[in-house]
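Undergrad: Please see the structure below; I have some questions.
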Amino acid sequence: MSVLGEYERHCDSINSDFGSESGGCGDSSPGPSASQGPRAGGGAAEQEELHYIPIRVLGRGAFGEATLYRRTEDDSLVVWKEVDLTRLSEKERRDALNEIVILALLQHDNIIAYYNHFMDNTTLLIELEYCNGGNLYDKILRQKDKLFEEEMVVWYLFQIVSAVSCIHKAGILHRDIKTLNIFLTKANLIKLGDYGLAKKLNSEYSMAETLVGTPYYMSPELCQGVKYNFKSDIWAVGCVIFELLTLKRTFDATNPLNLCVKIVQGIRAMEVDSSQYSLELIQMVHSCLDQDPEQRPTADELLDRPLLRKRRREMEEKVTLLNAPTKRPRSSTVTEAPIAVVTSRTSEVYVWGGGKSTPQKLDVIKSGCSARQVCAGNTHFAVVTVEKELYTWVNMQGGTKLHGQLGHGDKASYRQPKHVEKLQGKAIRQVSCGDDFTVCVTDEGQLYAFGSDYYGCMGVDKVAGPEVLEPMQLNFFLSNPVEQVSCGDNHVVVLTRNKEVYSWGCGEYGRLGLDSEEDYYTPQKVDVPKALIIVAVQCGCDGTFLLTQSGKVLACGLNEFNKLGLNQCMSGIINHEAYHEVPYTTSFTLAKQLSFYKIRTIAPGKTHTAAIDERGRLLTFGCNKCGQLGVGNYKKRLGINLLGGPLGGKQVIRVSCGDEFTIAATDDNHIFAWGNGGNGRLAMTPTERPHGSDICTSWPRPIFGSLHHVPDLSCRGWHTILIVEKVLNSKTIRSNSSGLSIGTVFQSSSPGGGGGGGGGEEEDSQQESETPDPSGGFRGTMEADRGMEGLISPTEAMGNSNGASSSCPGWLRKELENAEFIPMPDSPSPLSAAFSESEKDTLPYEELQGLKVASEAPLEHKPQVEASSPRLNPAVTCAGKGTPLTPPACACSSLQVEVERLQGLVLKCLAEQQKLQQENLQIFTQLQKLNKKLEGGQQVGMHSKGTQTAKEEMEMDPKPDLDSDSWCLLGTDSCRPSL
């Protein structure tokens, strides 16, 4: 029984290390299988679906590619590192899996964030954080011999050292720190990546000895082939900072040999310009490049140097602030295994209006440079791409004098989308267009404005002149980051991350909500009741809306045609109705007519407004002269209109209002238009009836011909711009489908796993870097590797690979075929003496799996094996004495006897296992029978008790209409009179 238990224990250990989905070895008993089934099913039912849309390929390598994806749940950008495992060697495969292990351990603002990994057939997909600023290598090349400012170098140095400190505290040696592996965001936030060569050490005194890394950044100890530790990473950091200071590689040569010589001798390519940089910074870099590893500082010691210590808190706060917009929480556990749904879509931007009734597709903005947000102004358009770049151009009708609202540094009329180069390096999250100006918000919450400052919409008290031709930052919000911005024709309103509202610009009709009609040229804080949490701001041409978390709407400004929804209809006692009109309001007032709905989106136009509630229903109010309310007529409407008709039963997801027209998109991928169709406003030629000089339609009419999903939509004046997407195909990828779970991989790489030494030092061995692993993960347990190498040669394992009687599993057979050759001992006695006490604990597994294979191998291999192992043969004398080595004649027969004995033990164990399974089945059957009898007895007892109680009650109070026989028929047989 103990032998069988050890056998099963060892199989479980191997299966767990190799990611086996079975709970144990061999045939599972009914109990465990039954218990695993519901658990697996329950896990599958709870799996989260994550939806991704591919954007473009960032780069290709020999074994895969990196692709940019947009995750639709939070509209974030991620990178999928796709690795074709079939094209990798076993070492390269382990490196890929090792990167997952390392990244899963690390969580730091200056380290590339790992989100998930998936398996698509034989392709490993690693989901990582996207850095939109390229890498440090390209950043240095773009300098073109213009040295960095010391402040920028110190900023980079602090972030790099902070990341290295984090990985070293986790016991991880990076081993490939270089400028190509240091990534940047557009806000100059450093992200240290590429952990494929990283290694986990047991302690700060542990050493490694495998030759890995990039030659230009190798430390002297690596070049000399001696053991190295965390100080090797510090050397690489010194090389990177030296490169930042000189824009040249620290060590350079024409061939690797000369390069190693220069590294060992400390012959640098050039020296740092001491007139450009402080002595303290230069000395810090030189200390990292000390030839003696012991003299190099640790990462924590570098952070404690005065140059970094005096600004450490300030830079830490800056890193946290810059990282906040893109920071995404990790899953609570690594075992949740979500499902990835990858949907390929075409993404296009269309514009119409201004005399063009046919939608015009923009070729500049398309897949690969797709749009995430669009905005229309009276004279121009603006688009933010998925990579957070801003494009602007004039609208189609043109002819209007520009005031710099395009932000290109001039007043030229660019009729095609043009990238605003002055914002290069800034990640633009949102843009809003006014009449002749533009305001945008970055990921960091900073505000940039450009265009006309006639009404003070630049927010800088008119100090920049009447026109601003290039994006200008509003320093007012440096310490109070902005969440959202909205522009009217001549005013601006913003919502900060602290949920505060600020407004400035033209104050006519009280549109700023500041209790006056004064114009303000700098941002002014708006008083909002503290009980209300504002979640969105939206400006009309001469009014403003605030949307609260509870779905309430506050409005201020001009309420002409009741377009703010502020008018009240009151009923008297004797059917007398009074209609109270509010012409305008200078402070934010609750729109009571909208209080019956929980509003989620509001879209003001020039004369009317549309809103979407939490149920996807569309509401309209305001002027209905051209049928823009979509109610099927052109009559004046006093209140709020809940749209039915063509939109009845549909969920509206996007809506926008222009000058006397409305465009809406539904969740079933339809686009509707209604209202004034003049000058191409509706992208169609309505035939309902002429209305004055314009062509109008009062019912929502479908446009665009085919089904399109609309991520964003904007109307202003006569113009409309929208993003349309069509699904090409969709694919579902289930995470960890082949057992490549993080827990599995890390279990094998942990100190207790395969290959780890026990003396406090963990060393890279040649076997670790070259021994193949057919499982796709790391090797198995240390006991299994030792035992197999000591008892079976690859030749013998191959000889039995096709045998019908072999019980060796396929994965184990492949392991044996690729195992290192170790000679076979000559006789049973040395064989048994070769095992230590710890190895004897797992001997049954070796006997069951290994020796059975060895016993059936061709015997002609045995003399060669024995002749090659004089160390284990007591009959062979020392080679140094010159005595010829002759194998004993009885060795083969002795070994055969030992093998036969072990075969008998195998059969005995298997028979015992089968017997135990049969006994378990019998016991289970008996228990079921006993349970049934027990339940039957309990039911009879309860029934008898109830009958006896009823009989006693009958005797005490007999019913006159029932005789004793009929009463007894309601009970059990025990109450019948005996015949």
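Cβ from N, Cα, C; glycine included.
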Undergrad: For the feature region 'Disordered' as recorded in Swiss-Prot, pick the matching range from 359-379, 548-568, 632-652, 821-841.
TA: 821-841
Undergrad: By the record in Swiss-Prot, which of Thr254, Thr585, Thr697, Thr781 is the one labelled phosphothreonine?
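TA: When Swiss-Prot is consulted, phosphothreonine appears for Thr254.
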Undergrad: Of the residues Ser16, Ser486, Ser964, give the one that Swiss-Prot describes as phosphoserine.
TA: Ser16
Undergrad: If you average the pLDDT over the region 'Interaction with NEK6' (732-891), what number do you get?
TA: 44
Undergrad: What is the interatomic distance between the Cα atoms of Ser76 (phosphoserine) and Tyr52 (phosphotyrosine), given in whole Å?
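TA: The separation of the Cα atoms works out to 10 Å.
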Undergrad: Give me the Cα-Cα distance between Thr254 (phosphothreonine) and Tyr52 (phosphotyrosine), rounded to a whole Å.
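TA: Distance between the two Cα atoms comes out at 45 Å.
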Undergrad: At a 10 Å cut-off from the C-beta of Thr254 (phosphothreonine), count the other C-beta atoms across all protein chains.
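TA: Around the Cβ of Thr254 (phosphothreonine), 7 other Cβ atoms lie within 10 Å.
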Undergrad: Reduce the DSSP letter at Tyr52 (phosphotyrosine) to three states and note it down.
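TA: Once the DSSP labels are grouped into three classes, Tyr52 (phosphotyrosine) ends up as strand.
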Undergrad: When neighbour density is defined as the number of other C-beta atoms within 10 angstroms of a residue's C-beta, which of the modified residues Tyr52, Ser76 has the lowest density?
TA: Ser76
Undergrad: Going by DSSP assignments with H, G and I as helix and E and B as strand, what are the residue counts for the repeat 'RCC1 5' (616-668)?
TA: 3 helix, 19 strand, 31 coil
Undergrad: Under DSSP, is Thr254 (phosphothreonine) helix, strand or coil?
TA: coil
